[in-house]
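*Asks:* Sharing the features that TrEMBL gives for it:
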type	residues	note
BINDING	CYS145, CYS149, CYS152	[4Fe-4S] cluster binding site
DOMAIN	1-108	domain 'MTTase N-terminal'
DOMAIN	131-369	domain 'Radical SAM core'
DOMAIN	372-437	domain 'TRAM'
Amino acid sequence: MNEHDSETMAGMLNEKGFAAEIDKEQADLVIINTCSVRDNADKRFFGTLGQLKKIKERNPGFVACVCGCMMQQQHVIDEVKTKYPWVDLVFGTHNIHEFPRLLDNVIGERQKIVDVWQEGGAIVEGLPVKRLYDYKALVNIMYGCNNFCTYCIVPYTRGRERSRQPEEIIREVKELTATGVKEITLLGQNVNSYGISHHEEGYWAGEGGMDFADLIYALNDVEGLERIRFMTSHPKDLSDKLIQAFKDCSKLCNAIHLPVQSGSDRVLKRMNRKYTRADYLTLIEKLRLAAPHIAITTDLIVGFPGETEEDFQDTMDLVEQVRYDSAFTFIYSIRKGTPAEDYEDQVPEEVKHQRFNRLLERINQISGEINQTYEHTIQQVLVEGISKSKKGEGLLAGRTESAKLVNFPGDQELVGQIVPVHITEGKQFNLKGIMES
Ligand code: SAH
Ligand code: SF4
């Protein structure tokens, strides 16, 4: 979500005549788009902000801007104002569309501005975007979150759910495919409630409107589009209709990211996730029945307050049962203003770390075992660029439909194309292969 917001701000800066400069020491303007979902993102922000002081001292015309989720929290704004007075512009997640105007005031009037809105207004369409890739694109379908999982800051920094009109999304996807985009990832904190959740300013499907599955069916018909992905999907709202779409929609990739967070019912309840372990396992069963080779990935939090060794074993056991293709594992970190901040039974740091390491080791082993099953198969691979792996000199990197990274020899001209690759080796974190002629 943040990456895509950054693409929008880059588009706005482009329209103002700015060009991208990787080295911040050489730049006229720096914009830090912050994430506040976990503690280490917070820490990195303040570290980077400190480094801007020297640039400002050397070049008084330099403009320092900060935005994103962290700015939606008053205690962060206060800290920026008092400890980092070289910051020129502070804005939030709800007024990104105002960035060009705010910047004009900062540059033209030499003003310092703090402008953060508490809630999102109507969705603003048609903002310029400078996309990172030519062949794949992120497409927002909704903003905000209504779920209030007790550990999570997102509902406080991104506001309530608002869905974009389906026509706007379909128009954007058609425009993208006209420029050569082959793969889209539909973005929302909970895409499964697209068009359903009620809100004043956004899209309200009501009777006869489009829900998320309908949107997938509609996008499946867009000419030139080859792959549809989405994230994230909350298990409590995953419908049978969406599971059916995996059977019916040829462009919907055979992959789903379905964050479970914990395998313990007691912990899930305290997290306010609104499903049980059994509900989740039933979904996995249905998905695998509809799409036998579907790649399933997840998010897991270790060390949520009150998590006992037994609860943690339930998570380990769930991982064993589901056998995830891969998982993002996170050590629980306290977020200011969330209900779990006040839970008194916080888990000691060393216990969290020890559990985290055990979980990660098992997840990686399973990933490697699943990757081995790809050996001697032929996979359709969207070529993304030159391989970043150390031994990858002269290799291309791409992704299978199941989103696995494949390194294989090939010509750089293939970037952006989908090519058949014979998999020769399934490793823990990626696959190796040779292109089929
Ligand atoms: N809307 C998405 C998640 C967005 S946040 C969903 O519900 O799936 C991405 C992930 O960060 C979450 O799935 C969760 O695993 C993790 N996360 C969120 N808050 C956290 C916290 N306080 N500590 C550790 N991990 C957290
Ligand atoms: Fe956070 Fe839960 Fe909303 Fe995801 S669904 S963004 S984890 S509150």
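Placed from the backbone N, Cα and C atoms, the Cβ positions cover glycine too.
Please treat TrEMBL annotations as automatic predictions, because they have not gone through curation.
The structure displayed is predicted, hence computed values, not measured ones.
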*Asks:* For the domain 'MTTase N-terminal' (1-108), provide the mean pLDDT of the predicted model.
*Replies:* 94
*Asks:* Sequence gap of 6 or more, C-beta under 8 Å: which same-chain residues meet both conditions with respect to CYS149 ([4Fe-4S] cluster binding site)?
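*Replies:* Listed in sequence order, they are GLN261, MET271, ASN272, ARG273.
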*Asks:* Which chain neighbours of the [4Fe-4S] cluster site, leaving out CYS145, CYS149, CYS152, have a Cβ atom within 8 Å of the mean position of the site's Cβ atoms?
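*Replies:* Surrounding the site, in chain order, are ASN147, PHE148, TYR151, ILE153, VAL154, PRO155, GLN189.
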*Asks:* Relative to the Cβ position of CYS145 ([4Fe-4S] cluster binding site), how many further Cβ atoms are located within 10 Å?
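*Replies:* For CYS145 ([4Fe-4S] cluster binding site), the count of other Cβ atoms within 10 Å is 23.
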*Asks:* Does anything in the same chain, at least 6 positions from CYS152 ([4Fe-4S] cluster binding site), have a Cβ under 8 Å from its Cβ, and if so what?
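*Replies:* In sequence order, the residues whose Cβ lies under 8 Å from that of CYS152 ([4Fe-4S] cluster binding site) (at least 6 apart) are VAL37, CYS145, ARG335, THR338.
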*Asks:* For the domain 'MTTase N-terminal' (1-108), what are the DSSP-based totals of helix, strand and coil residues?
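*Replies:* Helix, strand and coil residues of the domain 'MTTase N-terminal' (1-108) number 64 helix, 15 strand, 29 coil.
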